[in-house]
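Step one of this worksheet: look at the structure below.
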Amino acid sequence: MKVYNTLTRTKEEFVPLEEGKVKMYVCGPTVYNYIHIGNARPFIIFDTLRRYLEYRGYDVTYVQNFTDVDDKIINRSHEEGISPEEVAAKYIKEYFVDCDGLGIKRATVHPQVTDNIQQIIEFIKELEDKGYAYAVNGDVYFDTNKFEGYGKLSGQKQEDLEAGARIEVNDQKRHPMDFVLWKAKKEGEPGWDSPWGEGRPGWHIECSVMSKRYLGETIDIHAGGQDLTFPHHENEIAQSEARSGKTFSKYWMHNGYININDEKMSKSKGNFFTVRDISKLYDLEIVRFFMLSAHYRNPVNFSDEMLNQAKAGLERLYNTKEKLEFTLSNLVESPLTEKEVELVKELDDFRQKFIDAMDDDVNTADAVSVIFELAKLINSNVDENSSLEFAKKCLDEFNELTGVLNIVNKKKDTVLDKDIEELIQKRTDAKKNKEFQLADDIRQQLLDMGIVLEDTRQGVKWKRI
């Protein structure tokens with residue numbers, strides 16, 4: 001398996017630090033609002049990577065944090081008239097609601113910053129003792145000039161970063177790129193006792209500390225959105241490696257941006273959508289399928305047109321599975337035919353093609369294409385004359401590959417509304433009585449209700465559209 005490592009800017013063979021085990025950290029949300037569609041992409045992508053690694057037999061420890069103390073949370077608490085703790089608790093709960101809709105598994109650990117304050121203070125103290133941090137008026141900063149490798153993740157030299165960055169003027173800093181590790185408490189803000197006075201952690205230190213606490217000083221994969229490469233992940237490397245003297249993460253993986261209708265998403269442009277907004281218009285499995293239909297490092301354009309294309313594609317896969325299950329339920333035990341023996345070999349080829357795609361830098365786009373090829377084979381070769389064994393093998397293969405991506409696994413509603421059931425029966429009776437115009441009218445009525453009928457030898461089949 002190869003993955004693209006942002007640190008080396010090359011595809012590298014994936015070799016975990018410990019055979020059979022993977023330690024993985026993915027930056028989680030700052031919990032002050034519902035997550036937006038840009039947040040959803042890394043959460044879906046790296047959930048899929050985790051699932052694939054587990055499919056290949058790895059024992060994955062997957063850590064994703066919650067930033068539950070932050071300026072945005074404090075501001076939201078003032079707006080809503082509740083405490084920062086209540087804001088964080090509310091949006092952590094809502095985050096999991098969205099994750100369930102998107103098919104995202106719970107992490108092995110979901111640490112929160114406020115549960116790790118003492119560990120953060122100890123980490124900063126070590127940096128200060130080693131000369132990498134300095135305190136000014138209750139704030140503590142990381143001295144970027146002291147860390148020789150600063151800029152290696154983003155591929156820039158310190159002087160280039162300083163020249164190109166939009167830097168807030170701060171007379172307390174020794175150097176423009178120095179970043180805060182500990183913030184002195186301001187009135188109306190939460191704070192904790194520390195050697196530098198009451199205060200709270202800076203953003204960057206949090207992930208370094210929680211990664212160390214739950215995964216150790218060196219991990220296999222650190223991942224997140226491309227926007228986190230600099231400064232967040234760059235700063236994580238600096239403070240972690242300055243403290244330990246060891247490589248922080250062997251592989252760094254970042255997904256590309258999301259544009260909305262060909263424009264960068266932003267609140268000022270009014271094209272900012274939360275996952276909760278989208279869920280009112282589309283099943284969130286469609287969003288997951290949409291994200292997986294593109295390579296994770298490529299930018300993607302999010303629009304109604306693209307979502308409707310994803311919906312149609314996902315519906316085709318559901319129809320394949322539904323038809324296969326329906327056919328299977330009507331077959332009796334019978335051996336494989338000569339043709340089916342050859343087709344079973346093709347089924348194995350599909351599994352290998354799928355693995356080859358995922359092994360090539362988690363190419364979910366190609367993996368999805370393989371699943372469509374498999375669906376085509378199933379649709380062309382499974383019918384009422386198929387052997388039970390062949391149909392079972394097809395379903396097992398289909399479920400295995402879609403299961404890795406966690407798509408096409410929802411149970412469709414098997415209970416028809418009474419009105420729909422009555423209409424289908426009326427149409428059946430009309431056909432028996434040769435009232436073909438009435439039968440056609442009922443078919444159209446059902447179509448208007450989102451129900452498509454298919455007359456087969458086994459009887460009338462239906463599906464929702």
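Each residue, glycine too, has its Cβ placed from N, Cα and C.
Sequence-distant contacts of Cys207 (Zn(2+) binding site), defined as residues of its own chain at least six apart whose C-beta falls under 8 angstroms from its C-beta, comprise Tyr25, Cys27, Asn65, His232, Glu236. The DSSP secondary structure for Cys207 (Zn(2+) binding site) is helix. The Zn(2+) binding site annotation in Swiss-Prot covers Cys27, Cys207, His232, Glu236.
Under the heading ATP binding site, Swiss-Prot lists Lys267, citing sequence analysis as support.
For the motif ''HIGH' region' (29-39), the list of distant contacts is 66-68, 70, 72-73, 75-76, 87-88, 90-92, 94-95, 98, 225, 257-258, 260, 265, 272-278, 287, 302: same-chain residues at least six beyond its ends, Cβ to Cβ under 8 Å. If you look up Swiss-Prot, you'll see 29-39 marked as motif ''HIGH' region'.
The motif ''KMSKS' region' annotation in Swiss-Prot covers 264-268.
Around the Cβ of Cys27 (Zn(2+) binding site), a 10 Å sphere holds 25 further Cβ atoms from the protein chains shown.
Taking every protein chain shown into account, His232, Glu236 are the binding-site residues, and of these the Cβ with the most other Cβ atoms within 10 Å belongs to Glu236. Secondary structure of the motif ''HIGH' region' (29-39) per DSSP (helix as H, G, I; strand as E, B; remaining residues coil): 3 helix, 2 strand, 6 coil. For the motif ''HIGH' region' (29-39), the model's pLDDT averages out at 95. Cβ atoms within 8 Å of the centroid of the Cβ atoms of Cys27, Cys207, His232, Glu236 (the Zn(2+) site) belong to the same-chain residues Trp203, His204, Glu206, Ser208, His222, Gly224, Leu228, His233, Asn235, site residues excluded.
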